[in-house]
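Presented below is the structure to which this report refers.
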Amino acid sequence: FPPRALRRPGAAARMEEEEEEGGGGRRAAASPARFVRCLYAVGFLDLFGVSLVVPLMNLHIKSLGASHTLAGIIGSLYGVMQLFSSTFVGCWSDIVGRRYSLLACILLSALGYFLLGNSTTVFLFAISRIPVGIFKHTLSISKALLSDLVSERDRPLVMGRFNAASSMGFILGPVVGGYLAEFEGGFYQTSFICASIFLLNGGLVWMLPWSEENTSNRDHYQDKGTNSFSVKSNHDLHLKSASSKAVTNNSFFQSPWIQVATVLKKIKGIACSNLWDVFLVRFLMSVAILLYYSNFTLALEERFGMKPLFAGYLTSYSSALGVLAGCLLGPITRLYQHNTYRLLLHSSTFTCMLILLYASALSIWMVILSSTFLAFSTTIGRTCIIDLELTVGGNEASGTLLGVGQSVTSVGRIVAPLLSGIAQEFSPCGPPSLAVGLALVAILIMNANKQKYHSHGSVKLKNQ
């Protein structure tokens with residue numbers, strides 16, 4: 001049984017009650033907690049491995065003789081493939097099951113980084129980005145798996161901790177990768193280490209206690225006496241999940257054409273649903289935050305005479321605070337009585353105000369102040385929008401929902417640089433000023449649809 005210090009705070013009293021019920025209750029309570037902690041490790045290793053290599057890619061492809069334009073085209077290749085593949089892979093995980101889809105994505109991503117370690121020409125470099133661009137959706141599938149395991153009440157807390165663990169990997173990875181790059185052939189060694197980390201991740205996923213990953217695990221994360229569902233609802237949910245689980249286990253061995261048809265049917269269900277406003281809010285806030293960071297280093301130099309090194313330190317400082325914000329999501333959600341919509345609305349409003357503060361800053365201390373609190377508001381908002389997608393859309397298609405959300409963010413990554421370039425023609429403060437306007441539109445959309453969010457229990461996807 002896990003040590004008391006490692007138990008999830010929101011379920012401590014419930015676990016103590018289960019301890020009194022006997023050994024069977026103790027084992028059942030321990031299983032999902034161990035599963036979730038292993039997924040935290042998967043998230044950490046994933047971004048740790050990726051961040052070893054990503055900061056070094058531009059230098060490597062230029063060392064191979066690529067022009068700036070060609071390097072930009074190859075760099076955008078990854079984003080374009082992510083845009084089109086995230087929805088399909090997320091939906092595929094709903095059909096064949098999280099275990100097989102997560103393992104496939106991890107192993108094929110490892111293949112891509114192994115090919116990257118052998119990229120001695122620009123052509124081989126471009127080829128190595130294809131499997132990673134198509135199948136690097138390991139974090140999305142892990143989040144879908146977490147949403148399957150925990151209750152709706154505990155989901156923001158668990159997602160926040162998962163994001164914090166992943167962010168820790170992204171903070172440590174560039175440091176280790178930069179050190180290894182100093183050696184001869186450092187990029188190739190770093191790529192092979194990244195591929196090895198993904199293989200290690202695959203072994204960790206394979207050894208997870210999948211036999212115990214069922215709907216009873218979700219019940220162990222729900223607080224007794226505070227459950228929002230009736231006994232009959234829980235029984236119906238259990239039967240529905242069990243039957244869908246049986247279908248899922250058989251779906252992996254179905255014809256690929258049947259799987260493709262099922263994927264297209266599920267995507268059609270998303271397209272015909274009433275989730276457009278949730279995805280629009282995600283798109284607008286994503287573009288707003290990307291605009292804030294788009295010319296951050298250049299703007300600090302032009303406005304305050306700060307060197308790029310200072311901007312790097314400030315970015316690392318913000319990333320570390322983002323990890324802290326993920327760890328504090330539990331107390332914050334309890335303060336808001338698990339009202340995800342209200343927390344998202346307030347965090348988005350706070351983000352809008354902080355970007356406005358940055359755009360109108362008269363001194364570098366105002367920039368530091370805005371960056372400090374923006375790390376908290378953006379981390380909370382990112383977790384809340386995912387939770388709202390799953391709450392309004394329903395857990396039955398969590399992989400599809402997360403995939404569509406990732407595609408929406410990918411569109412934002414394509415649009416934001418274009419808008420930033422146009423806005424910078426007018427002023428260094430142009431991109432953050434435009435970001436304030438987009439964030440205000442997102443806040444207005446949330447206010448206009450608050451009745452739907454308050455009654456999210458009855459709002460599910462059409463055609464399900």
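Each Cβ is built from the backbone N, Cα and C atoms, and glycine gets one as well.
Remember, TrEMBL labels are computer predictions, not curated facts.
TrEMBL has this to say about the protein:
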{"type": "REGION", "residues": "1-27", "note": "region 'Disordered'"}
{"type": "TRANSMEM", "residues": "35-57", "note": "transmembrane segment"}
{"type": "DOMAIN", "residues": "35-454", "note": "domain 'Major facilitator superfamily (MFS) profile'"}
{"type": "TRANSMEM", "residues": "69-93", "note": "transmembrane segment"}
{"type": "TRANSMEM", "residues": "100-116", "note": "transmembrane segment"}
{"type": "TRANSMEM", "residues": "187-208", "note": "transmembrane segment"}
{"type": "TRANSMEM", "residues": "275-294", "note": "transmembrane segment"}
{"type": "TRANSMEM", "residues": "314-336", "note": "transmembrane segment"}
{"type": "TRANSMEM", "residues": "343-368", "note": "transmembrane segment"}
Would you say the transmembrane segment (275-294) and the transmembrane segment (35-57) are touching, if the rule is that at least three C-beta pairs must lie under 8 angstroms and be 6 or more residues apart? no
What else in the chain is close to the transmembrane segment (100-116), if you only count residues 6 or more beyond its ends and a Cβ gap under 8 Å? 49, 53, 89, 92-93, 124-125, 127-138, 141-142, 145, 191-192, 194-196, 198-199, 201-202, 205-206, 252, 399
Other parts of the chain folded back onto the transmembrane segment (187-208), taken as Cβ under 8 Å at six or more residues beyond its ends: 35, 38-39, 41-42, 45-46, 48-50, 52-53, 56, 59-60, 99, 102-103, 106-107, 109-111, 113-114, 116-119, 138, 177, 180-181
Tell me, what is the mean pLDDT of the domain 'Major facilitator superfamily (MFS) profile' (35-454)? 80
Do any residues of this chain, six or more beyond the ends of the transmembrane segment (69-93), have a C-beta under 8 angstroms from a C-beta of it, and if so which? 57-58, 61-62, 101-102, 105, 122, 125-126, 129-130, 132-137, 140-141, 144, 259, 263, 266-267, 270, 397, 399-404, 406-407, 410-411, 413-414
